[in-house]
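Listed features, source TrEMBL:
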- 7-140: domain 'EamA' (DOMAIN)
- 9-27: transmembrane segment (TRANSMEM)
- 39-57: transmembrane segment (TRANSMEM)
- 69-90: transmembrane segment (TRANSMEM)
- 96-118: transmembrane segment (TRANSMEM)
- 125-144: transmembrane segment (TRANSMEM)
- 150-169: transmembrane segment (TRANSMEM)
- 150-283: domain 'EamA' (DOMAIN)
- 181-202: transmembrane segment (TRANSMEM)
- 208-230: transmembrane segment (TRANSMEM)
- 242-261: transmembrane segment (TRANSMEM)
- 267-285: transmembrane segment (TRANSMEM)
Amino acid sequence: MNSQEQRGSFYAILSGFLYGFIGYFGISAIHGDLSASNMLFWRFLISSIFILIVLIPQLKNINDTYKSMFTAFLSGVLYYGLSTLLYFYASLYIGSGLSMVIFFTYPVIIMVFNYFFYSQTIPKIYYLAISVILIGMALLIDVNEIAFDLWGIFLGLASAFFYACYIVSSKNNEISPNVSTLMVCLGCMTTSLIVACLDQTFKVPTSFPVWLNLFGIGLVATVIPILLMLHSLKYISSEKASILSVLEPVFVVIFGVVLLGEELKPWHALGIVLVLAGALITLFSHRINLNQLKQQLFQFLKLT
């Protein structure tokens, strides 16, 4: 693995780590009497303000075209924004655990996109990594909250589909990460505002703790991880970045235990180990010979 791949992999993993704070800040904000769409509006408004402050000193040096900026804005409106809302609505039908597992099938969707639309070959080792990761995420589900609802499953798949579209669109859009982040956040803010107005839940938060959580989710769990993901796409493929980012649910579980006092059950711990194993397989895929691994496995089975 060369230095650029190491940098890209580090950015993708760190992005997943910071996304893990979404559950803590988001749940805390919603408990402050905010609807999901209203919370998301303030989340992305705060994110837009933060990234705009970063961009102001760089305005004279921005060379991005209006077309690329508009494309990034649309990806926020149609892809990232819809994905975020649909994930929350899916959670209402089938629980956050099953929604999470369905959502994190998006690396598979990205592989399908790249194979059929961009004629990219997919390393076979990635299929093994995804299989291990999906088994691990299934173990992270709290069986008490599972509800098999077809509408909820459809919403979860739609959320994964739109997020895959966002990753592929970002990879193929020639625009600086800072400007892209601003446009995406503005697009997500627009989608959330429209939904909040349609369901008549728009309101201005009045308590300091709610604002504190909104600033936390806006900066720590939105602006920085989006920037890191976009920077990672400059150095590694969209497939590799998406697989490494599935470490997010591991961090969500860990933060849930540490910050929210949730219980860590034995199968959750096993799920964390499997997800980490899948991520490590992806990270060191350049060193793994799948055919040799198969031969060693067959020899081991014969001996046993």
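Note that Cβ sites are derived from N, Cα and C of the backbone, with glycine treated the same way.
On a predicted model such as this, the values are computed, not experimentally measured, just so you know.
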**Fill in**
Confidence over the domain 'EamA' (150-283), expressed as mean pLDDT on the 0 to 100 scale, is 85
**Message:** Six or more residues beyond either end and a Cβ under 8 Å away: which residues meet both conditions relative to the transmembrane segment (150-169)?
**Reply:** 71, 75, 78-80, 82-84, 86-87, 89-90, 92-94, 98-99, 102-107, 109-110, 113-114, 184, 229, 233, 238, 241-242
